[in-house]
C-alpha cells in the first residue's frame, strides 16, 4: 500500500470516528437535558412562581446572546472563519486571532453592560404584576438569579466561537460533548437542592442560599462547558494570541450582505420578549401555566423538527442552491416539494402523537414529585403547539428554498409577518381571558396560528418564483398521511386511557400504544401506497440489518443553517441525517464548499486485463468507448478479453480536445494530480479537493461538446442519496455562450463531473474466482434491489445493473455505480426494446445478477468475463440448480420468477424491485452477509482448477436460525466454510484493494489488507484488528450514573430521614391548600337521594357564618341511614395530607373518604353507595373545628366528608359543614 493510500484511509477512518463521536455526544446530551428538566419539574413544579423566576433568569441570557452576538457569529463570522482556515497560507491562524479578539471584545462589553443593567433586563422580560409590592420578594429573587446568569452571555459567545473554530479544523466532537459537562453540573445542583430543601410548592420566594446554589450552579455549568472547548483548542495546539489589526478583514462588507438575516434574528427576539412577558403573568397570580410550562412543552414540540426537518432541509439546501445557480428553477421546486413531502410524512404522525399522548407523555416526564400538581398545563400547551408542527416545518423548508434563491429579504419580510401574527394572537388570546391556567396553551396556540397563516403566504410567494410548484401535491400528500395516522392516533389514545397507574404502568401504556400505533400507521400507509413511508421503512430495516456509524449533523461546517441566517441548533440534526443523506454527502455549486468524499482513489494506470488479474484485480481498467454516445465513457467499465475490441482511439495528448495538465485547478478548488484514462473525447483524472482536503475523481468533457444529456443525468443523479449509490458531488457545465472558462495560462476548460470514492472491487472481479455462497448472493442482490426500489418510487431507474456496476467495499458492503450516468454512457449488453418499461429493465438485470452470483455464468450471452448461461432445447435458460449442484432451491426459484416469462411450477412472476426485496427477505430472514463478503475481500479465494464443482457454502456463523438457509442446503452447512480461516496463514503479498467511488461503513479501510495464501505450519496468526480505547467513554457514563444515583439517594433520604444513624429530618415543605372546583351532596339512602343541594356551595365559600346543613332527624344516627355528606371535586388528582373542617354543632362523628377503586384515575365520583368509598380517617368531634389526616398522604380528585352521627338541635338532631379545606 503506497503512502497516499494510507493517508486517504486514515482520513476516512478519522472522519467516520468523528461522526460517531458527534452522534454519541448529541444523544447523551439530549438525554441528560430531558433528565435535567424533568428533575427541575420534580423539585419546583411546572407552574409555580419559583419555577418561572428560575426560567426567566436562565432563559434570558441565551436569548440576549443570540440577539446581540449569535446572529452575527452564525451569519457573518463563521463563513469568514471557514474560508480563512481553508484558503489562507497560515491555515487562517492570523485571521482567526483577529476575529476572536474583535468578537471577544464585543461580547465581553455586551455581557458587562447587560449584567450591570440586570434590573432593567429582568423588568423587560417579566410581567408587570411581578413588580408589585406584594411580590417584591419573589421579584428580588428573580433579579438576583439573573445577576448570576447574565454573565453567561460571555461564556456562550466563547463556547460557540471556539466550537466553530474547531469545526473549521475538522474537530467536531468537542462542541457536541461539551454540553454534557453543563448538564452533569445542573443535575448535581438540583440533586443538592433536593437533598437540602426537598420539593417546593413555589409559594415562597427563593432564600439567599437557594439563589446562590441555583444561580451559581447554573453559571458554573456554562463555565465548565466553555472550559471543555478551551481544553480542546489546546489539544489541537492552537494558541490564541490577541491581534488588534482588524482593518481590512472585510467584515464590513459581509455585515452589509447579512443585514436582512440579522434583521430576521431581531424580529424573532422581539416576539420572544412579548411571549416571555405574557407567560410570566400566569405565575404572578400564584400558580398557572407560565414560562417554564411553555418552555417544557416547546422542548418536546421542537424535538422531531430538530431531528428530522433540520436534517432534511440541510441536505436539501446545497442541491437546491446548485440548481438555482444553474437556472433550473423547476428543479428547485421539485427539490422543495420532495423535501416537504418527506418531512411531513414523519412530522404529521408526530403531531398526531403529541395530541393523542400529551397527557401520559408529559405526566411521565413532568408529572412526578411537585410536578404532579401541574403537569396537565404542559399537556395542554403541547397539544396547542402540535397544531402548528406541520406548518412550522413547511415554513422552515420554504425559507431554505428562498435561501437557495439567495433572497434573504423575502425571508425577513415573511418572518416579520409571522412574528407580528404571533404577537397579535398572543395578546388577543391571553389578555382578555386572563386565566392563569390558559396562558401557556394560549401562547402556544398563537404560535401555531401564526405559522399556519405565515406558511400559506410563504408558499404562495414561493410559487411565483418556482414554476410548477403547487399546493395541490402537498395537500393530497397530507390527506393521505392523515388518513393513515388518524386511526393510529385514536388507538394510541384509547390504549393509554386503559393502561394507567404508577410510573411503570405509564411507561408500559406508552410502549404498547406506540407499538400499536406505529404498526397500524405502517399498514395503512402501505395500503394507501405512501411511497415515502415505504422508502423510510426500507432504510430503517437496512440499517438494522447492517449497522453503520452515525453521521454527524455538522460534519461539514460549511453547510449549516447558520450560514444562511438560520438560528437553529444543528446538533439536533445528528440522529436523523441519514434519513435523507446517509453519508451526508451534499452537492453544491462551485462557489460553495461541497462535502467531503470518504474514499479511496484509483491510482493505477490503465492496463491490460491479464495484467490486472495478475497484479491488482481492482485497478482502474481501460474504459469502454461508445462512439454512438459521442462523449463520456464509463469510468468503471472493465473490458474483458471476451468482449469485442473497439477501434483504437487517437488519444495523443497534443491532438486531444481536452488540453489540461497536472497541477491545474478547476473552479478554484480541484487540483488535477494524475490522469487515469485518456480517450478520444474524455479524460478521467485523479484530483484533490483543496477546500475539504480530499481526493476526488473528475471526468473532463470537451469544451463546446454535446454534453447536455450527460450533464442533466448527473444533476438528476444527485437525488440518489442512499449510501449504496456512488453519488455525483458536483457537475460544472460549459460556460454560457459568448464566454469562456479558462485556466490562468488561457487553456480553455469544458464541463466536468466530480464523483466520490471508497475502497472496493467490482463484482465482476470477485466472480472471476468463482460463484458466491448462497447467503452472499441473496444478500448482495437484495441490497441492490432495496436501493433501486427507493428510486423507482421517484420514477428514476438505473437500466445498467451488472457485475461491472456493483462494487464490494473492503468492509463487505455494496455500492452501485453510475446511477443514471451509465445509461447515458454505456450501451446495454442486452437489447432494450423501444418503449420498454425501465423498471422492467432493472428487474431483469437483478435476475441476471442473482443468476451470475450463483453460477458465474451470464444469462443472454458471453459477458463480464463469464461464459454464456446454457439453454435447453427450447432455448430457455437453464435454472441455476440445473447448471450447478448445490444451489439453494429458494434462490433457484426466485431466479426463475424474475427471468422467465412463465415461471415454472406456476409461481408468481416478480416484476418490481420491491417484490424482489420481499422474496429475498423471506429467504434471508435476518441473515447478513457483509461479514462474509468482508472476509472474502480480505482473504481472496485463489482461482484453482478442480475435478468437480463444489457447491458454494455460506458461513454458518452468518446464518440466522430463522432464515430459510437454516432449513436448506443442510449438507453444505455441516461442511466447514472454505472461506473461513482455519489456521495460521503466511501472508504472500500486501495489496490494496482498488478504490472506486463509495463510502465504507466502518473504519476498517484504514488497515492493511492481507491476501490469504497457503497455510504455514507454526506461523503466527494474522494480527487482530486494533480496537480504539474507549475507556474514557466508560468513565463518562459512570459519572453520569453516579450523578443520577446520587440524586435518587437524596430523594430516598428525603422521604426517609431516619434511614441513617443520626440523620436529621429535612424541612417540611410548605403545605398547599387545594382549590375546590365544585361539590355535590351525598345521600344515596335518601328518598330523593338529595340533602339540601342548594346549600352545598356554602360549605366552601370561605365564610364560616354560612353552612350546608342536613335536615332534622329523630336520632343522632339518622335511623335507617348509614350516613350522608358532601363530595368535593378538586378538579384534578391532588395529594391530600389533611382535611380541616368547621362543623355545625358538636359532637359530630365524621369520616374522610376517597373512592375505593382507582382514586387517581376515576373521572366521575361514585354516588350510588357509601361502600364505593374507602375511609381514610374518622373521629367523633367534640368541637366544631376538627382536622382529619390519613395515616399516609393519598392522592385523589374526589373527597367525601361523611357524617355518621349528628349533634342535637333542640329535640331533634341536625348537623352540617360550614367550611372544608383540603391541604396537600
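Residue numbers in this text run from 1 along the chain shown.
Every residue, even glycine, has its Cβ placed from backbone N, Cα and C.
Database features (TrEMBL):
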- 574-630: compositional bias 'Basic and acidic residues' (COMPBIAS)
- 1092-1105: compositional bias 'Polar residues' (COMPBIAS)
- 670-918: domain 'Protein kinase' (DOMAIN)
- 546-660: region 'Disordered' (REGION)
- 1083-1105: region 'Disordered' (REGION)
- 21-43: transmembrane segment (TRANSMEM)
- 63-82: transmembrane segment (TRANSMEM)
- 103-125: transmembrane segment (TRANSMEM)
- 145-163: transmembrane segment (TRANSMEM)
- 175-196: transmembrane segment (TRANSMEM)
- 211-233: transmembrane segment (TRANSMEM)
- 257-278: transmembrane segment (TRANSMEM)
- 298-318: transmembrane segment (TRANSMEM)
- 438-457: transmembrane segment (TRANSMEM)
- 478-495: transmembrane segment (TRANSMEM)
- 507-528: transmembrane segment (TRANSMEM)
- 1032-1053: transmembrane segment (TRANSMEM)
Quiz item: What residues in the same chain, six or more past the boundaries of the transmembrane segment (507-528), come closer than 8 Å to it by Cβ-Cβ distance?
Solution: 349, 353, 356-357, 360-361, 364, 480-481, 483-485, 487-489, 491-493, 495-496, 498-500, 534, 537
Practice problem: Kindly report the helix/strand/coil residue split of the region 'Disordered' (1083-1105) according to DSSP, in that order. | Solution: 7 helix, 0 strand, 16 coil
Self-check item: Spatial neighbours of the transmembrane segment (438-457) far in sequence, C-beta under 8 Å, 6+ residues away
Solution: 47, 275, 278-279, 281-282, 288-291, 293-294, 297-298, 301, 377-378, 380-389, 391-392, 394-395, 398, 414, 417-419, 421-422, 424-426, 428-430
Quiz prompt | Other parts of the chain folded back onto the transmembrane segment (478-495), taken as Cβ under 8 Å at six or more residues beyond its ends | solution = 344-345, 348-349, 352-353, 355-357, 390, 509, 512-514, 516-518, 520-521, 524-525, 527-528, 530, 533
Exercise. Average the pLDDT scores across the domain 'Protein kinase' (670-918) and report the rounded value.
Key: 83
